[in-house]
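Visitor: The following block contains the structure, expressed as structure tokens.
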Amino acid sequence: MSDQNLDIQQDHQKYVESLGDWARTNTCGELNANAIGSEVCLMGWVQFRRDHGGLIFIDLRDRSGLTQVVFSPDVSVDAHERAHVLRSEYVLAVRGTVRPRPEGMVNPNMKTGEVEVYVSEWKLLNTSKTPPFQVEDRVEASENLRLEYRYLDLRRPRLARNFQLRHRATQAIRNYLDQLNFLEVETPYLTKSTPEGARDFLVPSRMNQGEFYALPQSPQIFKQLLMVAGMDRYYQIVRCFRDEDLRADRQPEFTQVDIEMSFVDEERVQSMAEGLMARVFKETLGIDVALPFPRMPYDQAIAEYGLDKPDTRFDLRLKDVTDILRGSGFRLFAKAELVKAMRVPGGAVLSRKEIDDFTEFVKVYGAQGLAWIKIKEDEWQSPIAKFLSDDERAALTTELGLETGDIVFFQAASPDVVNNSLGYLRLKVADRFGLIPENSYNFLWVTDFPLFEYSPEDKRYVACHHPFTAPQVGHEELMVSDPAKARARAYDLVLNGNEVGGGSIRIHSREAQEHMFRALGFDPQEAEEQFGFLMQALELGAPPHGGIAFGMDRLVMLLAGSASIRDVIAFPKTQKATCLMTHAPDQVAAKQLRELGIRLREKQEA
């Protein structure tokens, strides 16, 4: 901010008045032709000021929108003369009369574009320094600068709309669950640290020095205990905390809609969840979603889409061609554990640079490279075409339905690398060719998840979801004898390739829970120390129960059509889990540490 601008702002402070007995009659986004002739009082921020033909025009903004207000000497000489001091982001209250805009001046892009308010008197409620960026949707400032001045960023109309939408979604959720006799119950934020998840955020106890609380990664155990307590139907819109490395769509603290029900099976939980999504979409976007949602087994999702959260808005599929290429002259194909192909109709138009970019993209997912073949009218164009026999070409043509003008991408490696790299490449290719229809919402239940997954880091099987998920009937013995084949009574709700919810039917007996802990390699004493209170509850008449949790932030992001989850969180953290506005996390005073019985080691000692 220049010294001149600072001097102007400080000089204008002398014009600031108190609100007094003025009361707002309308918001800045609601006036229309029906209000013509009305006397109104509006309050908000100066968006723009324009001097034109002896008149001063101000776009006055609040969270509801903009109204054009006019300072005319024909209405009030005093109000007009004083209006010359107004600058962007000054806080203003105006009284005046609603008039129709002159012919040819109607703005159809504004809710209030038919009218304007001629000001008879006004008050300057506060001044503003020159803001570090213009408060408008077409902002050019960096995201870091906008996060530093987040309260300014939140004045932008698009973000204001996001939080109005979030509020409507929250209200729709509460109203729907209330009608189904759910109870909203709060669970503790200060709780016990337990294994089998991401890292916990730990909170030292002053009264019990040397001991720590953990902030909850989810209210999972507490909501199960509420079912044991006979609450029957519980929900909570709750903050959760995970100390994990952050991706672009993750935050260390996030909001989930947490739901649990007694005396239910998978179908009943899913039916409730479908009705909830239908209510939210109807009340926020006015969209009727088709019910029931389709189901897809986990194995099919991985086989055909490469991911357990397939985007079904477009129809590119992966095909297993391992057997076709087992004897291939191309050594990588012949020796690979898994070879998959993805045909892209019309994809032969891709340039070599675009293919090279795709090759670099799949390396992020562990791939060593990306094989490809362009199907031309007279030849197969590819560095690997010479290694393929006529029989292999014929088999690939039949299996993949190849036609002239197509391109085929191949991946040959371990199943994890093949599925992840081609699964995410599928999304990239769909974006490149415009295959994803706009304003479409495809829900999908993914079911029959593995109960366990092998962790190379821990060199053991860990729970795919959490250790309280019930195995499918008849899979109890597989938990120990062949854990890779054990399937869970778990289900995820996917929307346009995004996981928006996940749940399961829970274990509800001590014997079955102990069996799960044994399968996970828990020492009995360790299990008792960590989860003894839960297992004790399971001995005291626990009903069959299950539930689901929705990621509120991601759901609202999709409703808003936003590219970033940070656009629907009021005060988000960066990918380094820092707050650029408050500078959290921060050092604390030595006195506070002494009261907690904590002493920091020097960095070189650590």
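For all residues, glycine too, the Cβ spot is worked out from N, Cα and C.
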Visitor: Quick one: which of GLU186, GLU304, GLU499, GLU602 does Swiss-Prot put in the ATP site with ARG242, ASP243, GLU244, GLN251, GLY551, MET552, ASP553, ARG554?
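Guide: My reading of Swiss-Prot gives GLU499 as the candidate in that site.
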Visitor: Out of 220-223, 232-235, 412-415, 484-487, let me know the one Swiss-Prot marks region 'Aspartate'.
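Guide: Spelled out, Swiss-Prot records region 'Aspartate' over residues 220-223, not the other listed ranges.
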Visitor: When you measure from the Cβ of GLU244 (ATP binding site), which residues in the chain that are at least 6 apart have a Cβ under 8 Å away?
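Guide: Same-chain residues close to GLU244 (ATP binding site) (Cβ under 8 Å, separated by 6 or more) are ALA198, ARG199, ARG250, PRO252.
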Visitor: When you measure from the Cβ of MET552 (ATP binding site), which residues in the chain that are at least 6 apart have a Cβ under 8 Å away?
Guide: ARG166, ALA169, THR170, ILE237, PHE254, THR255, GLN256, VAL257
Visitor: If you count the C-beta atoms lying within 10 Å of each candidate's C-beta, which of the recorded positions HIS52, HIS465, ARG506, ARG554 ends up with the smallest number?
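Guide: If we count Cβ atoms within 10 Å for the recorded positions HIS52, HIS465, ARG506, ARG554, the smallest count is at HIS52.
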Visitor: Specify the secondary structure state of GLY104 (site 'Important for tRNA non-discrimination') as given by DSSP, simplified to three classes.
Guide: coil
Visitor: Which of the recorded positions HIS52, HIS465, ARG506 has its Cα closest in space to the Cα of ARG554 (ATP binding site)?
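Guide: That would be HIS465, nearest by Cα distance.
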Visitor: Pop the Cα-Cα gap between ARG506 (L-aspartate binding site) and GLY104 (site 'Important for tRNA non-discrimination') into the table, whole Å please.
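Guide: Distance (Cα to Cα, whole Å): 65 Å.
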Visitor: So, in DSSP terms, is GLU499 (ATP binding site) helix, strand, or coil?
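Guide: The residue in question, GLU499 (ATP binding site), is strand (DSSP, three-state).
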Visitor: Where does the mean pLDDT land for the region 'Aspartate' (220-223)?
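Guide: Per the prediction, mean pLDDT sits at 97 for the region 'Aspartate' (220-223).
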